[in-house]
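> Provided herewith is a single structure, encoded as structure tokens, for subsequent inquiry.
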């Protein structure tokens, strides 16, 4: 969108004809362009004028134009409605507005993320109930079993008759809905992640988020309230100082000798290996806790032991970050590196603990990775588990409930008393303790853990998304209360853009972590022989070939078999490589073109100033001595306040002394 | 002269603002091919309006087509604007013609804490001395700062707001004034002179593509397009 024109200042009468011509050209361009009037950067009076010029009121518009205009209006309204829907129909708008006004967009992004997750869970619930629950209830009335385990909360309660070619296959629906949900979530998360992706500023340079973009977009215009503005100023000042420090540090680094660089690398390795060992220790603790809890089911203390795995996970995830922060701070890294390193390790710890939890469950229930006689006959531990899916579902419910109770407990038993004590007493200790800092990454990791558990449980407990939705809904209000009453703002700035990318990335990792065990179970593990939908199948996935044989005619069957076979992977791989090659070569060609254009632009501006210099020497000296207007593209300059007080170009130097043109200083004076 | 980039013709603008009927000879032939948007009723505003008068008036003025605001937002903006007017001028017709002084606009809670509040008001004002806002200017302001405005128009106006000396480019003084607005004037947040110089050098190094020592609109928009933050932070909602 180039607005390639400029007007001379109105006080220069000799330029009138040129100005008039420019005006006419611009008017013509504006009238002919298809852009809607609202995107033009002019005042309302001018927009109305342009609109009038485009479609004069008296002239009858043709049916085609009327229809087009109606279609555009309808399209715009639909777009607005769709956008409102994806934002949850205005759910929590007031609360988000208040939080944004008081704390800025960084912290507001956490609460927007909560809303996104709530909508995701409701969508999953809708899909599951629409395709599985409702047909089940419709086709076969529910018979309530004696135990809690036989409700629709768990896998075991779902039953269906043998497959036939004419009825709706509950089995297929039950099998495919978790996979479809995971796929939809994957696409949704990827889309949002790409939106927040920090872009490379200069091609060929190392990636560093551009300082200029940060400076220009650092003020949150939604802040209301003097206090919030003061806090924001502190944050911005700290951020700028940190960036400058980082820049100096980077320069220093580049001047290091090889030996110094090797030394630096070694210290880097040292701290990472140490933290890695801690993480390994933590997840083995989780492994043993889960095994112990499952092996000692007959103990009298079983009620306590039931919650041992969630308890150990919570403890590990509480102590871990504290230790990481302590260890990383010992090394005296620049602040950005510190923050990033700690964050990465916290994410690794969180996801590894969940992964280890599911692995150790798999080991006890399904004998993965060890040989036990009880597993040999059925492929799962039939001695201890009648219906192993139900047991896994129970564990996941327990984990989910425990995490939520922990959130509530922390909010009301730790943050609230802390605030009350700090307010009540004064003294060095209490001043040092201060209120709790609202750390966005930590809260995000907690909520992503809950979501990962939900995704893990889609196959075993189809109603877990409902429970998670309720938890997220309550968490929003609890966290809002904690933020507004019991916390203080963190001095370190958390930018909204990097946070969107970070949140979605962690969510994506959680989704992948949940998808792997699900894929394994669905494709290779024998289901329980006397409960659930897949009792007579070797693995749940075997329903699909059976149904394909029942429903589809032989030619389609052959095509499907081919698509699913190994032989198809070769053409697919070749096709994907081709597409990838085209994309990469296109982007390389574009970056070459951009480099060339940049050089051309610099050269042209140099030449322009050179010519202006020649002209100013040739012309008789005008009285005003104003700096020649910059004819840079795109800006319709408002009226100049008159000749600039500084910037009297002499014959041999260009430009005003206060705006250096380093590229031009070397030009020879002709 | 004028403001807000209404560079079409100062004569045209003056004509519209005075709301006289035009004679073809007074317009510049090159720019004026059609009649200007007429005043809605030939007799002016004398006729009393029906109770639904505000809505019909708003639709007649086609604010929804000319801004990014929805009908509810426009009505809310009108209500808030009327609260700034003295009691006797709060009728519908008068509010659409009245102008509110800068001090009153700056007292709005949404703008009070903003370090750029004076610049924002100056940029959107269409009065000759740029010290008052009409209702249409106010709508323009809200439209640019609304959720649905395109990033292009936001970056265009952001450039104008940051251009403290109104010369069409961001030079070193503009940038240093910008940074001072962002960090505030208090002792512990203000950047030292050397830090400021280093910061501005970095900014110019990154954004000044044609190496003339200033940032023009295209370069600014190029930088802003690399920051996904900008559209979500450049928002004011009533």
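From the backbone N, Cα and C atoms, a Cβ is placed for every residue, glycine too.
Note that this is a predicted model, so its numbers are computed, not measured.
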> Which one of these stretches, A:308-328, A:329-349, A:350-370, A:371-391, shows up in TrEMBL as transmembrane segment?
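Going through A:308-328, A:329-349, A:350-370, A:371-391 one by one, TrEMBL gives transmembrane segment for A:308-328.
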> Which is it, of A:573-621, A:622-670, that TrEMBL names as region 'Disordered'?
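From TrEMBL, the annotated region 'Disordered' range turns out to be A:622-670.
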> With TrEMBL as the source, identify the stretch among A:435-456, A:457-478 annotated transmembrane segment.
A:457-478
> Need the matching range: TrEMBL marks region 'Disordered' on one of A:1-20, A:21-40, and I'd like to know which.
A:1-20
> With TrEMBL as the source, identify the stretch among A:96-114, A:153-171, A:172-190, A:191-209 annotated transmembrane segment.
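In TrEMBL, the transmembrane segment feature sits at A:172-190.
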> Average the per-residue pLDDT over the domain 'TMC' (A:387-497) and send me the rounded value.
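A mean pLDDT of 87 is what the model gives the domain 'TMC' (A:387-497).
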> I need to check the long-range neighbours of the transmembrane segment (A:172-190): which residues 6 or more away from its ends have a CB within less than 8 Å of a CB in the stretch?
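Those are 120, 123-124, 127-128, 131-132, 135, 158, 455, 458-459, 462, 504, 507-508, 511, 514-515, 518, 522, 533-534, 540-541, 543-544, 547, in sequence order.
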> Go through A:308-328, A:396-416, A:457-478 and flag the stretch with the largest number of C-beta pairs under 8 Å relative to the transmembrane segment (A:268-288).
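Answer, by Cβ pair count: A:308-328.
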> Please indicate, using numbers and ranges, the residues of the same chain that are 6 or more beyond the transmembrane segment (A:498-522) and have a C-beta under 8 Å from a C-beta there.
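Counting only partners 6 or more residues beyond its ends, the transmembrane segment (A:498-522) has Cβ contacts under 8 Å with 106, 109-110, 113, 175, 178-179, 182, 185-186, 189-190, 192-193, 195-198, 209, 343, 347, 351, 354-355, 358, 362, 440-441, 444-445, 448-449, 451-452, 455-456, 458-459, 539-541.
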> Can you break down the domain 'TMC' (A:387-497) into helix, strand and coil residue counts using DSSP?
85 helix, 4 strand, 22 coil
